[in-house]
Amino acid sequence: MTKFEQYFDYVKISLASPEKIRQWGERSLPNGQIVGEITKPETINYRTLKPEMDGLFCEKIFGPVKDWECHCGKYKRFRYKGIVCERCGVEVTESRVRRHRMAYIELASPVTHVWYLKGSTSYIALALDLKVKEVEKIVYFHSYVVTQSNTDINLKYKQLLEGYEWKSLEEEIYQNQDENNQVEVGIGAEAIQKLLKDLDLEHIAETLRSEATNPPKSFKTPSLKFNKKMKRLRLIENFIATGADPSWMVFTVIPVIPPDLRPMVQLDGGRFATADLNEFYRRIINRNNRLSRLKSILAPEIIIRNEKRMLQEAVDSLMDNGRRGRTVVGANNRPLKSLSDIIEGKQGRFRQNLLGKRVDYSGRSVIVVGPHLKLHQCGLPREMALELFQPFVIHRLILQGLVNNIKAAKKMIQKNESSIWNVLNEVIQGHPVLLNRAPTLHRLGIQAFEPILVEGRAIKLHPLVCPAFNADFDGDQMAVHVPLSLEAQAEARLLMLAPHNFLSPATGQPIIMPSQDMVLGCYYLTANNPSQQQGSNQYFASLEDVVMAYEQKKIDLHSYIWARFDGLVDGDQPHDPIKIEKHSDNSTTKFFNNHIIKEDAENQRIVQYIRTTAGRIIFNKIIQESLLA
């Protein structure tokens, strides 16, 4: 595999010049021959099933179809590496070069890029300070445009003329033609290219900047004209900053992507299935070759113009099928996938293949609630954990001397021997895993947890972290990733562990908050419920006795009972007792609404009972244990 020892800081996407596009596709073979231009629309020969020369799958341009074998078969095998066959001109190399070698089509007439003509903002129209409809009329051969003005005939620069207007003026112009006072009129993408080339970016930017210093008086509703000028200024400044030429928005050369990215495969019945892009490229080459031939035989201007317009439409459909004009369809009236369709959307190259790559050491499963878990823990199915941590398990098995090599360790894992689970438990101790729930809309969408092995095939998640993931348990799925290096593990533990992320990055408010079932459970434990009276007004020697009586179903959860309690009672009840009883030994019993205190002769407390419920005791016990832990 080729490795590039070239380090870079960033990737920049910008306009490509025609020279740059040629540079992508052109290659100099070891024998000095320069290849790269595609001139024929043919793909493969249907008798030999080999790519046609100078066609869309040409082996001379893109490289051999079979590893270390030329087109004609004269040179085969690795020992001829780098040799160019003198018969067929194919370089003997690996076939995978066909995945990255590009080519180009030299156009007989310039064509505009549909993204810059018909995008959400028409950058060609903005740069030329024309309306989008006016630019479209010029590009698609409906109107002429003045590319060099003449003061005598009162023609303004960039003025549009209809066909009949130009014909009536043409005779007058050529009769009165003066060498110093010429007029030029153009049509199609060539005219647009000339206008874009003639732009003096520095002068336009200076003019627009001076206008920007005098904005309209009404700031609340700035005029559309002023807004357009500011947009144009931004565009011009970007052109200056990037060093791009506005005329590069008009194609003179079309890049052709590598053939293995638009393959053609033979089906069982002998028929061929091909990528849609090949059809677009074929149409462009056919129309381009026809236009070159018409130009060479000096065909009438109307025929040449029609061919130029068809070439423009063919390039438009390659870039973005259906953006303008009729959508090109294939078999069964299915619209063909253009370059834009391949790139954009959920199934496009970026979201599907680059951002949504499948990664190793990862798993995916349905989540279920794990109320017994601690906040920093998650339940990982044993089957999944064994697969994810397999390299660590194998390493530990070899270290412990249970096996001698990797093959034996893998066999041991496949047999599901009992000792494996002990080793797995040791391996996952202190090794955090990352849980991610799509869509990851903020940084809390992916957090670290310590795995606990659980039975079944579902991942168990602590209910308190659900708001951060925006997760619920109605069938949601989550992905598990294993940080492999020590640095990744340390980062996961220090920065990404769930207890370290209890504040929302958006609002700064706590995001780990009890909700739904938890709040309902807390309410139910501590609520008043007069209908439950079993065991009411009984006395218990301790809080533990109350819980035991509840578990044995001697009392109800909401029955009011009296329980001995030696701690401090803090309530909103009146401090004065409602009743005081004096005893023969000078001790007193004070009765309050919710507690009873017995004191000796010196007012020292002997015993205290509180009026509460089993539910409140359980709630208090859970809170106390959590705080002490």
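Placement of Cβ uses the backbone N, Cα and C atoms for every residue, glycine included.
In Swiss-Prot this protein carries:
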- CYS70, CYS72, CYS85, CYS88: Zn(2+) binding site (BINDING)
- ASP472, ASP474, ASP476: Mg(2+) binding site (BINDING)
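Location within the structure of each feature annotated in Swiss-Prot.
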{"residue": "CYS70", "record": "Zn(2+) binding site", "CB count, 10 Å": "24"}
{"residue": "CYS72", "record": "Zn(2+) binding site", "CB count, 10 Å": "14"}
{"residue": "CYS85", "record": "Zn(2+) binding site", "CB count, 10 Å": "21"}
{"residue": "CYS88", "record": "Zn(2+) binding site", "CB count, 10 Å": "17"}
{"residue": "ASP472", "record": "Mg(2+) binding site", "CB count, 10 Å": "13"}
{"residue": "ASP474", "record": "Mg(2+) binding site", "CB count, 10 Å": "7"}
{"residue": "ASP476", "record": "Mg(2+) binding site", "CB count, 10 Å": "17"}
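Among the binding-site residues listed here, namely ASP472, ASP474, ASP476, ASP476 has its C-alpha nearest to that of CYS70 (Zn(2+) binding site). Listed in chain order, the residues near the Zn(2+) site other than CYS70, CYS72, CYS85, CYS88 are HIS71, GLY73, LYS74, TYR75, GLU86, ARG87, GLY89, VAL90, each with its Cβ within 8 Å of the site Cβ centroid. Ranked by Cα separation from CYS88 (Zn(2+) binding site), the binding-site residues ASP472, ASP474, ASP476 are led by ASP476. Listed in chain order, the residues near the Mg(2+) site other than ASP472, ASP474, ASP476 are ILE367, ALA471, PHE473, GLY475, each with its Cβ within 8 Å of the site Cβ centroid. Nearest neighbour of CYS72 (Zn(2+) binding site) by Cα distance, taken over the binding-site residues ASP472, ASP474, ASP476: ASP476. Within 10 Å of CYS85 (Zn(2+) binding site), judged by CA to CA distance, lies none of the binding-site residues ASP472, ASP474, ASP476.
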